[in-house]
Amino acid sequence: MLTSPQPRADGRLADVMRPLQITWDPMGFALSSLIIRTGRTSVLCSVCVEEGVPRWRKGQGKGWLSAEYRLLPGSTPQRQNRELLKLSGRTQEIQRLIGRSLRAVIDMAALGETTLRIDCDVIQADAGTRTASITGAWIALKRGCDRLLEQGLLTHQPVIEQVAAVSVGLVESYPLLDLDYSEDSRADVDLNVVMGSNGHLLELQGTAEGAPFSRNQLNDLLNLAEPGLQHLQAFQRSALMQED
C-alpha cells in the first residue's frame, strides 16, 4: 500500500479518523436522539417508535424499521433547498442505504408489530454524511431499544449486532481513511464501507471518479477501512456506556 509522505490538510496521517464526539438527547420527545460529530461533519440522529407496521407486514408478528435522511438548509456553503414533494436521487439512495444497514442488525420478531423510524438530519456537511448517519443512527437505535426494554415495552433486545460505516478513497493515488470534503472532492476513487461487529461486510459503495482502480487497490482500501470501522465500533460502545 502506498502511504502519503505528507500529512493531510488537517494534520492527520492517512490511516487516522477525524475526531469523534456525541451529544446525547438534544430532542426531548424522541425515543432517543443524538448529534454525532466527525470532524466538521455533524448529523442529528433520532429514533421514534410507532405502533403498527406497513400494510404488507401486518399479521406476521414482526416489526419494521425505516430511515429518512436530509441535508438541512444551512448545512452546506450554499443553502440547500428543502426537499418537500420530490426527493433527489442522492437522498433516496442514502436513506435506503441507512435503512438497509440498520435492518441487517435487527431481529424484527423481537419488535413485535412495531415500527422504528430513524431520522438523520445533516447539520453540517464536510463529507462522510452517510457514513456518520449510519454510525450515529446505530447508537441512537441501540439506546432507544434499551429504553423500550426498561419500560417493559419489549421483552428481548432486538439489536443483535453493531454496524458502522466509513469512507476511504484514493487521492493522488494514495489511500486515505475518513475523507473530508477537500479530499473527497479530489478523490479518484471513493468507497463507502459498512461493516458489522463480526467483521462481515454489509455493503460496499465504490466509484471510480477518475481512472479505474485495480483489485489490489480495492484490497488496500478495505484493509485501511477495517481498523477504522473497529475504532468506530469501540466509540459506539463507549458512547452508550457514557450515556448510561
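The backbone N, Cα and C atoms fix where each Cβ goes, glycine too.
Keep in mind that what you see is a predicted model, and the values were worked out from it rather than measured.
The phosphate binding site annotation in Swiss-Prot covers Arg90, Gly128, Thr129, Arg130 and is backed by sequence analysis. Sequence-distant contacts (6 or more apart, same chain, Cβ under 8 Å) of Arg90 (phosphate binding site) do not exist in this structure. Annotation note: Arg90 (phosphate binding site) sits in a helical segment as assigned by DSSP.
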Farthest-apart CA atoms of Arg90, Gly128, Thr129, Arg130, residues recorded for phosphate, distance in Å:
14
